[in-house]
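*Asks:* Pasting in a structure now, in structure tokens, and then I'll have a few things to ask.
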Amino acid sequence: MIARLRGVLAETSADHAVLDVGGVGYLVWCSARTLSAIGETGGDVLLFTEMQVREDAITLYGFGSAGERDSFRLLTSVQGVGGRVALAILSVLDAGELSRAVAGGDKAMIARANGVGPKLAMRIVNELKDKMGGVALGPGLGAAPAAKGGVSTDALSALANLGFRPAEASAAVGAAIEELGDGATLDAVVRLALRKAAK
């Protein structure tokens, strides 16, 4: 599996980028959010990736953060949500906004994405509520402003990678962010969240 790619940005389009890695051009499908932040052609780029292998195709999806990739994996675990639909959702909602929409049962927020109708939006909310349910329980996290979404999402990803369950990780990260306040660094949030989760 290809977990990430670092290379020179050869070209971009409305829905994908091509990275030149050691002379090989990798076509990577990305959300509009990732493409808008990827930088100029010719620059050095690091993308976290998810590779899907099917009988007729091998497809690479690229993300600006591990948190966005984790959200993509959750979305594609829902019946009826393929890679393109997941990217459409992540084009209009960042990982933190998606977590809050699921926790709050806000199907209209999810249905803003192209190709997502009310029924699919409701299925996403229902199927992901248990997997992302801890977000609603984490004090302060559900109401966190968008500016903190990146830190909270990356901290959640870090704790999940260390083996904590989503509910445990969300509660610990939420408590850490509430205690540290605005402007807390990812390192500080993760350290405090680990102490809280270990109690």
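Glycine is no exception: its Cβ is also placed from the backbone N, Cα and C atoms.
Per Swiss-Prot, region 'Domain I' is recorded for 1-64, and the stated evidence type is sequence analysis. Here Swiss-Prot flags 65-143 as region 'Domain II', drawing on sequence analysis. Annotation comment: Swiss-Prot describes 144-154 as region 'Flexible linker'. For 154-199, the entry in Swiss-Prot reads region 'Domain III'.
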*Asks:* For the region 'Domain II' (65-143), give the DSSP counts of helix residues, strand residues and coil residues.
*Replies:* 50 helix, 0 strand, 29 coil
*Asks:* When the region 'Domain III' (154-199) is classified with DSSP, how many of its residues are helical, how many are strand and how many are coil?
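*Replies:* Counting residues by DSSP class gives 36 helix, 0 strand, 10 coil.
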*Asks:* Could you give me the DSSP helix, strand and coil counts for the region 'Domain I' (1-64)?
*Replies:* 6 helix, 38 strand, 20 coil
